[in-house]
Amino acid sequence: MANEGDLPLYEKIWLKRRFQRVMDTFILLLLLFLLGYRVFSINTFTLPWFLAFLCESWFTFTWIVILNAKWSPAITVTHIDRLLKRVPELPPVDLLVTTADPVLEPPIITLNTVLSLLALDYPANKLACYVSDDGCSPFTFYALVEASKFAKHWVPFCKKYSIQVRAPFRYFSDVASIESEYSLEFKQEWLQMKDMYDNLCQKIEEVTRKSIPFQLDGEFAVFANTEQRNHPCIVKVILENRDGLSNGLPHLIYVSREKRPEYTHNYKAGAMNVLTRVSGLMTNAPFMLNVDCDMVVNNPKIVLHAMCILMDSKRGKEVAFVQCFQQFYDGIKDDPFGNQWVASFEYIIRGMAGLQGPFYGGTNTFHRRNAIYGLYPDEIESGRGKAADKILVQQFGSSKELVKSVAHALEGSTYSLNDISPSSFIEAATQVGNCGYEYGTCWGKQMGWLYGSISEDVPTGLNMQRKGWRSEGCTPDPVAFTGCAPGGLLSTMIQQKRWGSGLTVVFFGKHSPIMGILFGKIQFRAGLSYFWLTNWGLRGFFLVCYVALLAYCMITNTNIFPKGPGLWVPIALLVVYNVHTLLEYLTIGLSVRHWWNNQRMNIMRTTTVWFIGFLSAMLKLSGILDTVFEITEKEPPSSDADGDNADARRFTFDKSPVFVAGTTILFVLLTALFIWFLRLQEAQSGNGCGPGELICIAYLLVCYWPYLKGLFARGKYGIPFSTICKSAVFAFVFVHFCTSIAIG
């Protein structure tokens, strides 16, 4: 029997999914058969035939990428009991929370996230919570101040009764949180907590209704002359664990970095770099957790789970970050907007976890500070983390206090939280949060969160893996964090457009997975799996081209699919793919409706917002137009949220440009089908449009059924007349172009 001291703190278990491998391989063979047919039927060559061959070659490559990513799925199992027995003193962890707009991200959401972090099952004197407010909002600061008062009662209550869900709005929305078998003392305290939380919510709601929330004096005087995009750096210590009590409350620090109109602020990446510098000055914990403002803690022991991975004596030193997968609370039943990503996390990201590790998802992530600072994993073992102060100043900036803390972090030695008072670093923290601090340094280029893409998370993770670091997934039971998925079609589309644009920039940039494979230490299969993520925009481009080819064939009475016996290959491909994906959904407990909703949304988002994101990225890369970070609206918590609400599942439309593309495609498909129908009575030539094109057009129309319903619906469920007019013009231009080519 192995010595208990030699047992690992975590284990990685590879899953055997043989049937999935067989089906994925069979689909690949069908794709290769289709390509082979096109190659060997070169005598029927036409331009549409050749373009179809190019698109299908891309689809085949994409499937190879997916097959590679899914091939070696793995899960991690952590052992907290071994950690607590073996580690004499748990390491400090800095908790970094980001919010950007008090309207789109209401303060009550941020407040709940912060309260859930303050109540973690971890020594309070080892935690420090930093909140970045990019909106420089007195509402957000006020909410945090009030939350700190409530936390003095809420945190002891959670720990006394071992409450699992420690975000108040989630806890009190559960009617089972107080039942008859609980003690009278618990019920009394529960009611007190409920009343206190209701009063807190009422105070914040009343304040946020006013344009000027209260007299801006005292602690709030600094907000008197501020604008969202024009204000100085503000750092406020709201809570301070002065006595270093493990059963007290963690530090709570508010940070709003300086913003000026003439300076580029680099969106979330810039905010994260400021938080990294401020936390490095004040507490300098060797590990950092970053969460979005809507991601509440669902498992209070999650820090212990992550430490099992990061502190494992054998493999933990190679791990730069631990990624907890995103899951959502109160998700709409059957995922009508395709934004819950359950199947993708189960198959794709678990598959990446079996390679060099999952990608950095931008939230719910534990980071090793010295990896964020640009250290290589082999430099830890060799002791090469030390550097001269002059070099550190050039890389990290002119702050002497920051340089000192960076030197400690790179050497692997951090000062104790018990010996540090965050309030003594206010002036230095304000300096490193100024607009011009990063100029001439390596921030955003070689270290920290990288700039150049609105999807800052993926290149940041790629940069660390390029240096030889690994990542690990963490999937404890219950799940670590839960958040709110985009609440409707528009929010989903905006989020997907941002991802499609940002990831396309990553693919064509210097932090591309191709560069990591060729010139870095990213393993080939790991780098190939990143193509699934970074090629979303390109997938939109090729699928739109393919849809346009199908419509062109029906409009001009030509074909791109074989007829006769050769037609069985594309038909078999369509049937087998859909049956296989349906079985995947059923295997993990999802419904047929959930599967279909995700299938149609995959088609709609790929041909609309991913395609728009691709065009936006091309304009950015060519220097014509810069992309803008669009914040996804978060809905405030509601006790009467109902995932089964039929109205919540309905598609709503407005005048946003993202709906023009989908409506245009719908008009093109309908026009193509109408022209084909008119041609039915005419004599058909052998080379005309065949059943293959008709089946594909019909399948696409079924996917676009919500848009078709939107043409005849009214109010918010109907497509606006202005959008219909714009789309009709674009569709007319396309049809005219097709007929002109046919006549010519």
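Cβ atoms here come from the backbone N, Cα and C positions, even for glycine.
Range 503-524 is the one annotated as transmembrane segment, of 151-172, 283-304, 305-326, 503-524 (source: TrEMBL).
Recorded residues Asp292 (Mn(2+) binding site) and Glu105 (UDP-alpha-D-glucose binding site) have their alpha carbons 10 Å apart, per Cα-Cα distance. Taking residue pairs at least 6 apart in sequence, the transmembrane segment (690-707) and the transmembrane segment (567-588) share three or more C-beta contacts under 8 angstroms. Reported as a whole number, the C-alpha separation between Asp457 (active site) and Asp134 (UDP-alpha-D-glucose binding site) equals 17 Å. Taking Cβ pairs closer than 8 Å, the transmembrane segment (719-743) reaches residues 548, 551-552, 555-558, 653-655, 659-660, 663-664, 666-668, 671, 707, 710-711, 713 in its own chain, all 6 or more past its ends. Distance from the CA of Asp134 (UDP-alpha-D-glucose binding site) to the CA of Lys268 (Mn(2+) binding site) is 8 Å. In summary, the transmembrane segment (503-524) does not lie against the transmembrane segment (658-678): fewer than three C-beta pairs, each 6 or more positions apart in sequence, are under 8 Å. Note on Lys268 (Mn(2+) binding site): other Cβ atoms within 10 Å of its Cβ, all shown chains, come to 23. Here the Cβ of Asp457 (active site) has 23 other Cβ atoms within 10 Å, regardless of which shown protein chain they belong to.
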